[in-house]
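Going by Swiss-Prot, these are the annotated features:
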ACT_SITE  Ser212  active site
ACT_SITE  His239  active site
ACT_SITE  Asp335  active site
COMPBIAS  136-148  compositional bias 'Low complexity'
COMPBIAS  179-193  compositional bias 'Low complexity'
DOMAIN    4-121  domain 'Response regulatory'
DOMAIN    201-390  domain 'CheB-type methylesterase'
MOD_RES   Asp55  4-aspartylphosphate
REGION    130-198  region 'Disordered'
Amino acid sequence: MKVRALVVDDSGFFRRRIKSMLEEHPGIEVVGEAANGRQAVEQAQKLRPDVITMDIEMPEMDGITAVREIMRRQPTPVLMFSSLTYDGARETLDALDAGASDFIPKRFADISGDMEQVKRQLQERVLALGGGRGAPAGRAPRPAAPVDRGARSERARPAPGEASGRAPVPPTGARARPEAPVAPTGAPAAPAPERGQRIRPGALRLVVIGTSTGGPVALQRVMSRLPAGFPLPVLIIQHMPASFTPAFAERLNELCRIEVREAKNGDELRPGQALLAPGGRQAGVEERGGKLTVRIFDASSDQFYKPSVDIAFASAAKYCPGKALGVVLTGMGADGCEGAKLLKRTGAPIWSQDEATSVIYGMPAAVAKAGVTDRVLPLDQVGEELAKLR
């Protein structure tokens with residue numbers, strides 16, 4: 001059965017190009033088009049597509065408002081097209097908070113030309129998101145006001161989706177099928193959360209979290225549960241363009257009780273602080289003078305993921321053998337699997353998100369299938385269990 005897609009853009013040229021690229025894949029059928037957000041909401045209810053591609057800036061109703069309405073009326077996985085600017089990044093993060101599942105950069109030159117890589121990326125995202133035939137993961141709304149830097153304490157602070165006056169967001173959402181390289185349906189049953197390996201107090205020096213599709217919302221839910229006095233440093237690897245990571249680090253910092261910022265080369269990894277790897281480059285850890293620091297370096301041409309979870313995990317295995325917790329959250333592909341194997345050989349624990357709460361069960365499925373996962377946890381429990389570490 002083909003994945004049924006609805007294409008939404010106020011530009012007729014872009015609608016035609018996106019439709020053409022999608023329908024070159026035998027597994028995708030474009031069942032409708034819309035020129036603005038209002039039409040998108042109507043078409044989503046009428047056509048009930050498996051996935052929607054959505055522009056942000058449109059007349060009558062913008063893409064963010066349309067996503068919000070679609071999630072209220074006819075929850076459907078939505079792939080946003082985003083400009084590669086700081087403002088575009090913040091708008092895209094707002095769309096993800098509203099319920100969109102993922103985003104893809106919107107470059108006129110790429111879409112107007114016959115860019116094979118862009119076409120393949122678009123097709124893969126639509127197939128992955130549309131394959132679940134259901135609703136996307138719960139949104140993680142922004143707080144009413146930024147966290148006061150001087151008030152980061154053990155005071156109670158609601159996690160995203162649990163803010164005052166809002167009902168908690170259900171942790172489960174539409175699970176989309178992973179792309180071809182990963183076959184989680186054949187994966188052996190992973191250990192139940194309550195039977196997984198427990199971590200002794202003082203046994204760790206570092207937490208490394210890796211994620212891709214669905215990661216921005218997942219990270220907001222996980223990181224917002226960590227207390228201000230969290231005893232470990234956190235390195236976050238999120239597949240994201242370079243222009244997006246500064247805005248995303250700011251968003252996390254607004255939500256969290258610990259400090260979150262974009263990593264710079266040579267930054268010390270300190271307890272109670274999370275560093276987000278910059279997009280478009282590689283990030284790892286190294287030890288200088290007995291202190292763990294971040295190493296930021298250019299990616300080689302053969303490295304597809306920039307930043308790469310595998311590279312970060314491998315560096316943690318080298319400099320924190322047996323003392324780095326690797327966490328793999330929702331995402332396409334298998335990035336993190338090989339690095340998790342290296343971590344595991346040093347005696348380090350590995351956690352992964354479960355299938356039911358993953359937007360794309362690719363990366364977590366890969367580590368589960370490889371047999372290196374110690375604990376398989378629902379998304380909200382990942383943050384809860386991290387908060388218990390001492």
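Heads up, the Cβ atoms here are built off N, Cα and C, so glycines get one too.
Features per Swiss-Prot, on structure.
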residue	record	Cβ neighbours (10 Å)
Asp55	4-aspartylphosphate	26
Ser212	active site	25
His239	active site	22
Asp335	active site	26
If we check Cα distances from His239 (active site), which of the recorded positions Asp55, Ser212, Asp335 wins as closest? Ser212
From the Cα of Ser212 (active site) across to the Cα of Asp335 (active site), what is the distance in angstrom? 9
Alpha-carbon distance [Ser212 (active site); the residue listed as '4-aspartylphosphate'] in Å: 21
